[in-house]
Every structure is written in C-alpha cells, then in structure tokens.
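Following this message is one structure expressed as structure tokens.
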Amino acid sequence: MGHQQLYWSHPRKFGQGSRSCRVCSNRHGLIRKYGLNMCRQCFRQYAKDIGFIKLD
C-alpha cells in the first residue's frame, strides 16, 4: 500500500475532521450553531451581512 492509497483514507463521517468552514475550508474555531458552519474569523467578517448585530 503506497502513500496515495493511505493518505486521507480513513472515513470522516463525524468529529472535527468531517466539518469545515463553508467560506475558507478551515477546520478550527468552527461555529455550527444555527447551521452557520463558519469559522470564527469568517463569522466576524460576514456577521453584519448575515444579519447579526453587536449588542453593548
């Protein structure tokens, strides 16, 4: 079995490796609440466009 056959061959159906940001495909700092599926950096960038407002 060569490297090409083994690389990323394990099924990723659940867990952190199965989910990624819909904008930048990052896997860290993911916000899944309300079905956002965005990393926190992209959420900060697009929050106003989505309709989130910052409360004091």
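A Cβ is built for glycine as well, from the same backbone N, Cα and C atoms used for every other residue.
Not my notes, these are from Swiss-Prot:
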| type | residues | note |
| --- | --- | --- |
| BINDING | Cys21, Cys24, Cys39, Cys42 | Zn(2+) binding site |
| MOD_RES | Ser9 | phosphoserine |
| MOD_RES | Arg12 | omega-N-methylarginine |
| MOD_RES | Lys48 | N6-acetyllysine |
Which whole-number value in Å describes the distance between the Cα atoms of Ser9 (phosphoserine) and Cys21 (Zn(2+) binding site)?
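Rounded to the nearest whole number, the Cα-Cα distance is 21 Å.
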Around Cys24 (Zn(2+) binding site), how many other C-beta atoms are within 10 angstroms of its C-beta?
12
Excluding Cys21, Cys24, Cys39, Cys42, which residues of the same chain place their Cβ within 8 Å of the centroid of the Cβ atoms of the recorded Zn(2+) site?
Ser20, Arg22, Val23, Ser25, Asn26, Gly29, Leu30, Met38, Arg40, Gln41, Phe43
Long-range same-chain neighbours of Cys21 (Zn(2+) binding site), Cβ under 8 Å, sequence gap at least 6?
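Cys21 (Zn(2+) binding site) has long-range Cβ partners Arg27, Leu30, Asn37, Met38, Cys39, Cys42.
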